[in-house]
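Single-structure report; data block below.
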Amino acid sequence: MARWQRKASVSSPCGRSIYRFLSLLFTLVTSVNSVSLPQSENPAFPGTLICDKDEVRIEFSSRFDMEKWNPSVVDTLGSEILNCTYALDLERFVLKFPYETCTIKVVGGYQVNIRVGDTTTDVRYKDDMYHFFCPAIQAETHEISEIVVCRRDLISFSFPQLFSRLADENQNVSEMGWIVKIGNGTRAHILPLKDAIVQGFNLLIDSQKVTLHVPANATGIVHYVQESSYLYTVQLELLFSTTGQKIVFSSHAICAPDLSVACNATHMTLTIPEFPGKLESVDFGQWSIPEDQWHANGIDKEATNGLRLNFRKSLLKTKPSEKCPFYQFYLSSLKLTFYFQGNMLSTVIDPECHCESPVSIDELCAQDGFMDFEVYSHQTKPALNLDTLLVGNSSCQPIFKVQSVGLARFHIPLNGCGTRQKFEGDKVIYENEIHALWENPPSNIVFRNSEFRMTVRCYYIRDSMLLNAHVKGHPSPEAFVKPGPLVLVLQTYPDQSYQRPYRKDEYPLVRYLRQPIYMEVKVLSRNDPNIKLVLDDCWATSSEDPASAPQWQIVMDGCEYELDNYRTTFHPAGSSAAHSGHYQRFDVKTFAFVSEARGLSSLIYFHCSALICNQVSLDSPLCSVTCPASLRSKREANKEDTMTVSLPGPILLLSDVSSSKGVDPSSSEITKDIIAKDIASKTLGAVAALVGSAVILGFICYLYKKRTIRFNH
C-alpha cells in the first residue's frame, strides 16, 4: 500500500566492505504492521495512527468532521512543512504521508506532528497539536552462505543464525511465526510450521545456524527420473515473522543424489535425467572445466534422452574397498553446475564404479584355439607401463599396442605362452597371467605389490568338439531400390518471413489485387541432406479439382510463368531452415488471375506438382532446372516421379480495395458474405438451368401430344 519508497543505508561498526549475495538470496524485511501507538500528549485524538513500512496512516472516526477540523501535518512549531505532500481521503477518513518529507527524524525513529484546527472560527486552542512517535527498525544485510545436503529421501537446508534469541530453549518453535513455502508462483505450497512438521519437515535452531529438513517427496518439489537416475529441484522460502520484523531465508537447489553410474574398461558414464536446466561446467580435484573444454580434458557428452557424461578412466581415482576384492574407481566431490531458471546452481556427488575384477572367467574361448583380451594402462593408479607387459613366463607380445590411448590387445594360443588347462564341472578352463610394472612406482623399493598382475581365463564346454569346415555361400542378392513414400505440403504465410503458416481453420483467406500471396512447398518427415525438392508446375483453379478448367499458370517447369505481366518471385529458404533443399518458397501476384480488367468473383484454389531429386546424382530429367524457360523446351514430366499437392483451403480475391475500405481483409464476415453470394449465384444458376430443362421437356410433350391427335383424326 506504500505510495512513497524509502531507502535505508546500513553500515556495520567494523567498517566492512560491501556485502555480496551468493547463490542463496537472503532478505531481511522490517516493518511495523498496523501498530496503533499510544497518544502521549492528548488521549482525545479523534483517530488512530498507524506506522506502516513506508508511510504513516491516520484513520479518523466516521463521526469526525474532516472539512471542519481540517487535520494537517506540521512541524514542532505547528507550521506546515513546505515539501510535505500528504493525501487526505475525505470519503474514507484517512490521512497518509511519507516518512522522508513529512516527519522529523529522531533517535530510534520518527516524530509525527498533527494539527487539528476548527476552520469555522479564528480562535486557536492550545490542545490542537498532537505528537506521536514511530519507531524505525533498521534493516541489516549479512554476508551469508547456505549449506544444502541432498539425499534421496531428504534435503537439508542450513542458514546462519541471525538472532540468538531464536535459539532460546524455552521458545516453542512450533508456535512461533514460521512459514514454509515450497515451489514458485501460483503452484507454490505454503505451510505453517506446525502443519509442516506433521508432514515430515523438521526445524532445528542452535546458536550457529537454522536448519530445515525437507522430505524429498514434499509437495512442490519437482522430480525428474530417467531409468535409474533421479534428480529433483526445489525452491524454498523459510519465513519468520514477529512484531515489527520479518525474516526470509530463501534457497533454490538442484539435488542429484542418485545418478546412474556405469563403467567399462575405458570410461565412467554418468546419466543425468532430462530437465529444463543446462549443465555449464564440472569441477573435481583442482579443475573447473567449462562445457567447451570437456572433450579436450577427457570428458565426452551424449545429449540424447537426457545427458550422459563419459569420463575417461585416466581421470578417475582408485581406492581399496571392503566390498571389492581388488580396487574401485571413483570421482571425489564431483561438482555439477547448472544454469536453471536464471540462476547458477550446483550440486556435489561422489560417483563410484562397481568393483573391478582382475579375473575374466565368463568368456568363451575363440573357435580357432586362441584367447583374446585387452589391457589398458589406466587400469591402475599409477598407470601401467605397457612396454613391460608379459604373458605368463613366456616372451609372447601383444599383437596390437597404442601408447597414446594406453591400449594393448593380446591373441595368445591355448597351447602356448604358458597357458594352463583345468577342468571345473562341465567346463574346460584355460587361464594365464598378465603382469607388468607401473610407470611411476610409489617408492623406490620394489615389492610384489609393485607389479601389476591379472589373471585371464576362457573356457569351452567339456563335450564340445571342434570341427573345421568350408562353406561356400551363394552370392549376395542385388539390392532392389524403390522410392519410398513422398510426403509434401503446400502452405501460405502472412509475409515474407515465413514464420507461421495459416492454419486450416483460417481458410478461406481474403486477398486484394496487388497483394502478394506467399506460398511454400516443403518435404515432410525427411532429414537426408542429399535430397532436394524441385518444383515442376504450380497453377490456380476455380474449383478444388486440380485438373479442372480454367487454369492459371503460376510456375512452369520450375520457373516463373513468362506470359504473366506480374511474374512469380522465388525466395531462398535461408539458414533458418534445417535443410534448405527441402523447401521451395515463392510469392504470386493476384494480377495473374485478372482477365479483361475484371477480378474473379469466385474462390481460387492453388496446386503444385513437385518431385524429390538426389543432389549427388540427378536421377530424373525433371531435376535439371534452367531458367528462364525460353532457353529450353517444355520438359516431359513422368507423372510417377511427381506428386501434386493443394492448399488446405481456397483464397478469396477482391478486385478493389476501396470497396472494402476500413475492413480487415481477413475478416470472417467478409469471407462469409462473399462465399454466401458465390454459393447463391451458383445455386441460382442451377435453378435456372433446371427450370429451363423443365420448360423444354414440357414443350416437347406438347408437340408430341398434338401430333398424336392429328394422326388419330
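These residue numbers are counts, starting from 1, taken along the chain as shown.
Positions of Cβ are set from backbone N, Cα and C atoms, glycine also.
Residues or ranges marked as disulfide bond by Swiss-Prot on the basis of experimental evidence: Cys51-Cys134 (among others).
The disulfide bond annotation in Swiss-Prot covers Cys84-Cys102 (among others) and rests on experimental evidence. The Cβ of Cys84 (disulfide bond) has Val73, Phe97, Thr101, Cys102 as same-chain neighbours under 8 Å, each 6 or more residues away in sequence.
Annotated disulfide bond per Swiss-Prot: Cys365-Cys458 (among others), in sequence order. Annotation for Cys365 (disulfide bond): spatial neighbours Met371, Leu414, Tyr430, Cys458, Tyr459, Tyr460, criterion Cβ-Cβ under 8 Å with sequence separation of six or more.
The annotation disulfide bond is assigned in Swiss-Prot to Cys396-Cys417 (among others). All protein chains considered, the CB of Cys417 (disulfide bond) has 19 other CB atoms within 10 Å.
Secondary structure at Cys608 (disulfide bond), taken from DSSP and collapsed to helix, strand or coil, is strand. Annotated disulfide bond per Swiss-Prot: Cys538-Cys608 (among others), in sequence order.
Annotation comment: Swiss-Prot describes Cys559-Cys627 (among others) as disulfide bond. The Cβ of Cys627 (disulfide bond) has Gly558, Cys559, Glu560 as same-chain neighbours under 8 Å, each 6 or more residues away in sequence. Under the three-state DSSP scheme, Cys627 (disulfide bond) falls in the coil class.
For Cys613-Cys623 (among others), the entry in Swiss-Prot reads disulfide bond. According to its DSSP assignment, Cys613 (disulfide bond) is in a strand.
Under the heading domain 'ZP', Swiss-Prot lists 364-630, citing sequence analysis as support.
Marked as N-linked glycosylation site by Swiss-Prot: Asn83 (among others). Around the Cβ of Asn83 (N-linked glycosylation site), a 10 Å sphere holds 7 further Cβ atoms from the protein chains shown.
Residues annotated as N-linked glycosylation site in Swiss-Prot: Asn172 (among others).
There are 13 other CB atoms within 10 A of the CB of Asn184 (N-linked glycosylation site), with all protein chains counted. Feature annotation from Swiss-Prot assigns N-linked glycosylation site to Asn184 (among others); the stated evidence is experimental evidence.
Sequence-distant contacts of Asn217 (N-linked glycosylation site), defined by Cβ-Cβ distance under 8 angstroms and a gap of at least six in the same chain, are Asp153. For Asn217 (among others), the entry in Swiss-Prot reads N-linked glycosylation site.
Residues annotated as N-linked glycosylation site in Swiss-Prot, with experimental evidence given as evidence: Asn264 (among others). DSSP assigns Asn264 (N-linked glycosylation site) to coil, not to a helix or a strand. Counted within 10 Å of its Cβ, the other Cβ atoms near Asn264 (N-linked glycosylation site) come to 10, all protein chains included.
The Cβ neighbour count for Asn393 (N-linked glycosylation site), using a 10 Å radius and every protein chain shown, is 11. In the three-state DSSP reading, Asn393 (N-linked glycosylation site) counts as coil. Under the heading N-linked glycosylation site, Swiss-Prot lists Asn393 (among others).
DSSP assigns Thr455 (O-linked glycosylation site) to a strand segment in the three-state reduction. Residues or ranges marked as O-linked glycosylation site by Swiss-Prot on the basis of a curator's inference: Thr455.
According to Swiss-Prot, the feature region 'Disordered' maps to 462-484.
When the alpha carbons of Cys396 (disulfide bond) and Thr455 (O-linked glycosylation site) are compared, the span between them is 15 angstrom. For the topological domain 'Extracellular' (35-683), the predicted model reports an average pLDDT of 78. Taken residue by residue with DSSP, Asn83 (N-linked glycosylation site) is part of neither helix nor strand, so it is coil. Of all Cβ atoms in the shown protein chains, 23 besides its own fall within 10 Å of the Cβ of Cys458 (disulfide bond).
The distance from the Cα of Cys608 (disulfide bond) to the Cα of Cys417 (disulfide bond) comes to 74 Å. Comparing CA positions across the recorded positions Cys51, Asn184, Cys417, Cys613, the one lying closest to Asn83 (N-linked glycosylation site) turns out to be Cys51. The most densely surrounded of the disulfide-bonded residues Cys134, Cys396, Cys559, Cys608, judged by C-beta neighbours within 10 angstroms, is Cys608.
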